[in-house]
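All remarks here apply to the structure that follows.
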Amino acid sequence: MSALTALAPAKINLFLHVGPVDADGYHPLSSLVAFADVGDRVTVEPAARLSLTVNGPFGAGLAAEPDNLILRALRAVGEATGAGEPPLRVTLDKRLPIAAGLGGGSSDAGAALKLARQALGLDIDDAALEAVAGVIGADGPMCLRMRTAWAEGRGDVLTDEPRLPPLHAVLFNPGVPSPTGAVYRAYDAGPPRAADRPAPPADWSPAAVIDWLAGLRNDLQPPAEALTPAIADGIQAVAATPGVALARMSGSGATVFGLCRSSADAAAAAAALSAAHPTAWVAATRLAAA
């Protein structure tokens with residue numbers, strides 16, 4: 001078997017409505033999740049034992065430790081199939097910022113699971129593989145699917161949404177992490193919101209979808225901005241960039257996305273933001289339904 005490589009795409013929460021914490025310490029949520037055409041790259045190849053090497057622009061910030069999500073997921077699929085620890089050498093080309101609200105770790109694990117199934121011929125169907133992906137957290141199943149979906153419950157109740165049109169966007173990360181736990185604790189200290197699922201747009205054209213999203217929110221954005229002022233600055237910078245129709249934080253931050261009317265607008269916005277903020281991570285991208 002030769003090496004196999006797959007994209008682990010960035011996950012974008014187009015909106016994120018969060019309810020009050022429950023008795024088990026979890027938050028109900030409602031979100032429409034899409035995936036970008038930029039992300040990390042995961043490669044697997046046969047080896048005597050399971051190992052992980054991390055490189056790439058953001059590799060230095062992610063230690064290849066035993067609790068890495070990729071290794072945890074691969075050990076879990078080996079246990080679920082009875083095949084034992086997968087004998088694979090895994091290489092992660094880390095191109096997405098860390099603690100960025102892009103689901104990078106979960107997407108990496110999802111890509112690794114699918115590659116391992118293909119490389120080793122593991123006898124496990126999609127539903128069982130999704131159950132394995134759940135061991136890495138609520139983002140696991142959605143990042144394994146890598147399809148646009150409504151996410152509800154704790155993020156694990158998924159309904160595919162194929163009607164979402166391709167959306168052009170610019171991604172902006174100010175270069176600071178936004179730890180998820182701290183953001184949720186700050187959210188809990190404020191007035192509770194409802195994890196309401198909005199009615200879908202009557203018109204699924206790109207312009208109508210952007211207008212619909214403008215009336216929604218990310219409930220984690222205010223506490224994240226309060227904890228990390230660079231996020232608020234980033235949202236203002238993206239919103240003020242010509243060609244950007246809507247700016248919002250993804251997930252628990254710190255990445256901001258700006259939706260644009262065209263690929264040309266997204267490319268121009270990315271160039272302008274890169275020039276004005278040379279230390280930030282900026283990428284033009286396309287969000288698609290599958």
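Heads up, the Cβ atoms here are built off N, Cα and C, so glycines get one too.
Database features, via TrEMBL:
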ACT_SITE  Lys11  active site
ACT_SITE  Asp139  active site
BINDING   Pro97, Ile98, Ala99, Ala100, Gly101, Leu102, Gly103, Gly104, Gly105, Ser106, Ser107  ATP binding site
DOMAIN    68-137  domain 'GHMP kinase N-terminal'
DOMAIN    217-276  domain 'GHMP kinase C-terminal'
| query | Closest of the recorded positions to Lys11 (active site), Cα to Cα, picking from Pro97, Gly103, Gly105, Asp139? | reply | Gly103
| Taking Pro97, Ala99 as the binding-site residues to compare, which has the smallest set of other Cβ atoms within 10 Å? | Ala99
| task | Give me the Cα-Cα distance between Ser107 (ATP binding site) and Asp139 (active site), rounded to a whole Å. | result | 8
| Reported as an integer number of Å, what is the Cα distance between Gly103 (ATP binding site) and Asp139 (active site)? | 7
| Taking every protein chain shown into account, which of the binding-site residues Gly101, Gly105 has the largest tally of Cβ atoms within 10 Å of its Cβ? | Gly101
| note | Between the C-alpha atoms of Asp139 (active site) and Gly101 (ATP binding site), the distance in angstrom, to the nearest integer, is 11
| said: Quick check on the domain 'GHMP kinase N-terminal' (68-137): DSSP residue counts for helix, strand, coil, in that order please. | reply: 41 helix, 6 strand, 23 coil
| task | Starting from the Cβ centroid of Pro97, Ile98, Ala99, Ala100, Gly101, Leu102, Gly103, Gly104, Gly105, Ser106, Ser107, the recorded ATP site, name every other residue in that chain with its Cβ within 8 Å, sequence order please. | result | Ala10, Lys11, Leu96, Gly251, Thr255
